[in-house]
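Reviewing the structure listed below.
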Amino acid sequence: MKAMSLVFLVGLIGEFQVFSSASSPVNCQWDSYAPWSECNGCTKTQTRRRPVAVYGQYGGHPCVGSTFETQSCEPTRGCPTEEGCGERFRCFSGQCISKSLVCNGDSDCEEDSADEDRCEDSESRPSCDLSKPPPNIELTGNGYNALTGQFRNRVLNTKSFGGQCRKVFSGDGRDFYRLSGNVLSYTFQVKVNNDFNYEFYNSTWSYAKHTSTEHTSSSKGRVFIFSSSSSSSSYYAKTYEILKKKSYQLLVVQNTVEVAQFINNNPEFLQLAESFWKELSYLPPLYDYSAYRRLIDQYGTHYLQSGSLGGEYKVLFYVDSEKVAESDLGSEDKKKCASSHISFLFKSSKHKCKAMEEALKSASGTQSNVLRGVPFVRGGRPGFVSGLSYLELDNPDGNKQRYSSWAGSVTDLPQVIKQKLTPLYELVKEVPCASVKRLYLKRALEEYLDEFDSCHCQPCQNGGMASVEGTQCQCHCKPNTFGVACEQGVLVGDHAGGIDGGWSCWSSWGPCAQGKKTRSRKCNNPPPSGGGKSCIGETSESRQCEDEDLEHLRLLEPHCFPLSLVPTEFCPSPPALKDGFVQNEETTFPVGKNIVYSCNEGYSLVGDPVARCGEDLQWTVGKMHCQKIACVLPTLMRGLQSHPQKPFYTVGEKVTFSCSSGMSLEGPSTFLCGSSLKWSPEMKNVQCVRKEAPLAKKVPECQLWEKLQNSKCVCKMPYECGSSLDVCARDERSKRILRLTVCKMHVLQCQGRNYTLSVGETCTLPGSAEKACGACPLWEKCDAQSSKCVCRAASECEEAGFRVCVEVNGREQTMTECEAGVLRCLGLSITVTSIRPCAPEAP
């Protein structure tokens, strides 16, 4: 976590003469809206954005209203999430995951559990005996806005274990936890530092300089000021009115509390959160700053590479400058009064420290021993936070107890602290045109940083430093100056004698000449005066008219660029590679498109893996083949189980086959991977056959959730269910709430799976939507005139479905699925309380 801090503002102002005239307030003004973005084929909406034309300053009003507008539209392109996944498994959402994660007992499809939806017990291979993740692990997957210091929406799927079974032990909780597949390392280690660190700053200008991180963009000489603390924006907002009236010194007292430390995996191995993956899919393949800027607003500028979990405390107190001046309190005296055994957390009787207490009380407008401050607290229980907003000067034990109570609660409710960041564009992958979108997101991030460059602000007087906060500019004043524009007071000491120059914003890029374009800036914001220093850096810069990376991608992925620049002819599907596949296979292959082959597990590719769609609409494929490097199992027939289960086996390893219950094995049971990479004995004629049973005298009558197989009633598979009533169900094994149907619940219970109707916890059931004839559920019929499905009357039910118990208007009654569906179709609120008929009422 950022340091826990007690910040004391010490004013050193006596009487000031007015140095400059007051600046008139400047109100924020919006610029015009940009054109509408391309219509999104998935959401069928388009957006547009308006930038700030004039930032509010000198006490002027901020801009009011939203930056974005959204409207419905008719798309001309399809939805990328509806495309296939090639050799990978496709979740219901459209996200692709490795087939090795299917039927492993974990829900690796984040929102829909599609990878576990159609698994028979004989197919399910639980990869671990533990599924409990570390507490608060979801915090490690959040995005982060480095400009505002705020955490944003989740970008990493912290719920997926990636098929791994890595465990970590918590000595505090005395329990084992299973690590997410995205986390490389997670350590439970509580670090509490009881010694506070004290730093003094002679002005808000010095403090702003220290607590900001300079970042130079790819545009040489451009400097952006980033907030390094999540509380910085709040600090400037809450102290703005006070800092207009006096010049203050600052004393910062720092400390840290940590409860756990984590390191996330490298970008190429991270699984994206489904919502973030969808937004990446929705991004247009053409550069549209509004669309990419909206993604930055939602998910931030960076993701977490590593960090700790803990809490943050910062409180600001103001000190009467005249009282401090009268007491002749020097810098060392102030530090001693706020540290060691005479800290504000402890009692002090020294004369000069008593004078500092009086100065604190005078600035607070109170004569009591209770000092109210401006707190900034992250982490810990909210009930303890309110007690950190004040100090009792005569009750150091009480101060210490309130602090200790809050610090102890950080273990239960931590936040991410001490984070190390990686740019968000590193996560752009696994979506169509990923390389192009990654480059565009990087470009959008630079434009986003440009919006917050202080060059947009008018100069502060007396050498003050301007910064952009939202839609306003704030001035941070040098020592002995104050006011909304730092217009009051005088510069003294090292700061007197001159005003350093500041850069204007870069101009727009000029026209291309000889393959290059140029832009410029001036050192006039403000110009240097009174012997001040000139700006550091170049007044102009040039670059190639066409981005080299973009040109390279235009060759590799021409289909991601405007249609006027790409061919309209396509190659057929690429030739198949024995024991191999095409990486990230798509549905169309325009002229110039390159593809890359890979081999299945147990094989290694020999030769050139790249093939190209030529102008003759034929594939140019070099010599390549997949060379066997291990023994691989053939496709196993239904019911046949292998042990150990591995994607491939090295020389000398054995595999043993067995059959599920009710089946017997025909053929050898154990096989050896030989030096020739062939199985010994040869793997053929190995199968599971049903054990002989006496012939049934008559065909049994099966339940609705059963089917007849080999003269026996067996459980159906969930996908064999037809139209059935939607319900919310709870998986008692994973404790997840899922959307199922009455039929699927019967089938799963028949298979021995423990699903119950959820009580008090709901899922999102599909709303009523128009369906074409041929897709009507039990409770709807086809309207010949409109060719659409419409609600039946209860008396028109042709297929009853299951008999269920339904609560209608507070009363339970038994009815068929069709009858219940009719009520729901007509808009009545019904609740399925049991997938079986209601229990008879007691007489």
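Heads up, the Cβ atoms here are built off N, Cα and C, so glycines get one too.
Around the Cβ of Trp36 (C-linked glycosylation site), 17 further Cβ atoms fall within 10 Å across all displayed protein chains. Annotated C-linked glycosylation site per Swiss-Prot: Trp36 (among others), in sequence order, evidence recorded as similarity to another entry.
Here the domain 'LDL-receptor class A' (83-121) is broken down by DSSP into helix, strand and coil counts: 6 helix, 4 strand, 29 coil. Residues or ranges marked as domain 'LDL-receptor class A' by Swiss-Prot on the basis of sequence analysis: 83-121.
Under the heading region 'Disordered', Swiss-Prot lists 105-142 (among others). Tertiary proximity for the region 'Disordered' (105-142) is limited to same-chain residues at least six positions away from its ends with a CB under 8 Å from its CB atoms, namely 89-93, 95, 97, 151-165, 167-168, 170, 173, 175-180, 182-183, 186, 188, 260, 262, 264, 271, 273-274, 300, 303-304, 307, 309, 414-416, 639, 641, 645, 660, 717-719, 734, 736, 738, 751-752.
Residues or ranges marked as compositional bias 'Acidic residues' in Swiss-Prot: 107-120.
Secondary structure at Asn202 (N-linked glycosylation site), as computed by DSSP, is coil. The N-linked glycosylation site annotation in Swiss-Prot covers Asn202 (among others) and is backed by sequence analysis.
Under DSSP, the residues of the domain 'TSP type-1 2' (500-549) split into helix, strand and coil as follows: 2 helix, 12 strand, 36 coil. As annotated by Swiss-Prot, domain 'TSP type-1 2' applies to 500-549.
The C-linked glycosylation site annotation in Swiss-Prot covers Trp503 (among others) and rests on similarity to another entry.
The Cβ of Trp506 (C-linked glycosylation site) has 18 neighbouring Cβ atoms from other residues within 10 Å, across all protein chains displayed. Feature annotation from Swiss-Prot assigns C-linked glycosylation site to Trp506 (among others); the stated evidence is similarity to another entry.
The C-linked glycosylation site annotation in Swiss-Prot covers Trp509 (among others). Around Trp509 (C-linked glycosylation site), taking its Cβ as the centre, 13 other Cβ atoms fall within 10 Å, counting all chains.
For 516-539 (among others), the entry in Swiss-Prot reads region 'Disordered'.
Under the heading region 'CCP 1', Swiss-Prot lists 545-615.
Summarising the annotation, Swiss-Prot assigns domain 'Sushi 1' to 569-628.
Under the heading region 'CCP 2', Swiss-Prot lists 616-693.
Among the features that Swiss-Prot reports, domain 'Sushi 2' is placed at 629-690, with the record citing sequence analysis.
Counted with DSSP, the region 'Factor I module (FIM) 1' (695-770) comes out as 12 helix, 23 strand, 41 coil. The region 'Factor I module (FIM) 1' feature in Swiss-Prot is assigned to 695-770.
Sequence annotations record features per position, and here Swiss-Prot assigns N-linked glycosylation site to Asn754 (among others). Sequence-distant neighbours of Asn754 (N-linked glycosylation site) (same chain, six or more apart, CB under 8 Å from its CB) are Asp731, Glu732, Arg733, listed in sequence order.
Trp36 (C-linked glycosylation site) carries neither a helix nor a strand DSSP state and counts as coil. Residues of the same chain lying 6 or more positions beyond the ends of the region 'Disordered' (516-539) and with a Cβ under 8 Å from any Cβ of it are 220-221, 455, 458-459, 463, 497-510, 545. With respect to their backbone Cα atoms, Trp503 (C-linked glycosylation site) and Trp509 (C-linked glycosylation site) stand 17 Å from each other.
Put simply, Trp506 (C-linked glycosylation site) is 32 Å from Asn202 (N-linked glycosylation site) when counted between their Cα atoms. A straight line from the CA of Trp509 (C-linked glycosylation site) to the CA of Trp36 (C-linked glycosylation site) spans 23 Å. On the backbone, the CA of Trp36 (C-linked glycosylation site) and the CA of Trp506 (C-linked glycosylation site) stand 26 Å apart. Every protein chain considered, the tally of other Cβ atoms within 10 Å of the Cβ of Asn202 (N-linked glycosylation site) stands at 19.
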